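Enquirer: Structure incoming, see below.
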Amino acid sequence: MTVVLVDHGLCNTGSARRALEECGASVSVTDDPSSLSSATHVVLPGVGSFSAGMQQLRTLGWDVALQAAALDGLPILGICLGMQLLADVGFEGGETRGLGLIPGEVVRMMPAEGERLPHVGWNEVTARKPDALFDGIPGGTDFYFVHSFHFAAAAGDDRIATVPYAGGVVAAIRRDRVFGVQFHPEKSAKAGFQLLRNFLSQ
């Protein structure tokens, strides 16, 4: 299998590449959307603001390429900011149109008393419904998070897992073969690698 790891300039591709390779994938780290023609899977990582991330994707032509890939049924996994960019619109750095692959909007979290932003560290993820992305991963497993905004999905059926922070927000999302995780599987030890293997089996 060949995984295209999207290098749009606002991401640390090194740890994601190593994790995917350890899971058995051949990984191409590239800023060239034409590389999707030979891909079996796509991973969209990202750190930083929604507005800056979308600007980079549009500048490089990844927005159109990813939208076409989703229509073609190519499995796509967004990680952290990459998951948020799948939304219709985001409000970090100003209102910005997203990829529109999963309906919803990205808004700032409202932390509960005693909580801080950003939400940093290990926290338990609870599945809302069975999904192949979490096969072999016990309920309540901890994953590693770093974020201040969250994906408010428009459709409840798209939300496959939540994390109990800021009143409970989406930790993982899916529509058809488009997946997103707010946490960093590449930094989440054994469970994170299992999730990546599950994605690669799609």
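Each residue, glycine too, has its Cβ placed from N, Cα and C.
Dumping what TrEMBL says about this protein:
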- 4-200: domain 'Glutamine amidotransferase' (DOMAIN)
- CYS80: active site, nucleophile (ACT_SITE)
- HIS184: active site (ACT_SITE)
- GLU186: active site (ACT_SITE)
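I'd like these features described in context: how deep, what's nearby, how far apart.
Expert: Over the domain 'Glutamine amidotransferase' (4-200) the predicted model carries a mean pLDDT of 96.
In the shown protein chains, 25 other C-beta atoms lie within 10 A of the C-beta of CYS80 (active site, nucleophile).
Sequence-distant neighbours of HIS184 (active site): residues of the same chain at least 6 apart with a C-beta under 8 Å from its C-beta are SER15, ILE79, CYS80, PHE143, TYR144, PHE145, VAL146, GLY192. When secondary structure is read from DSSP and collapsed to three states, HIS184 (active site) falls in the coil class.
Taking the Cβ of GLU186 (active site) as reference, residues of its chain lying under 8 Å away and at least six apart in sequence are, in sequence order, SER15, ALA16, ARG18, ALA19, LEU20, ILE79, GLY192, LEU196.
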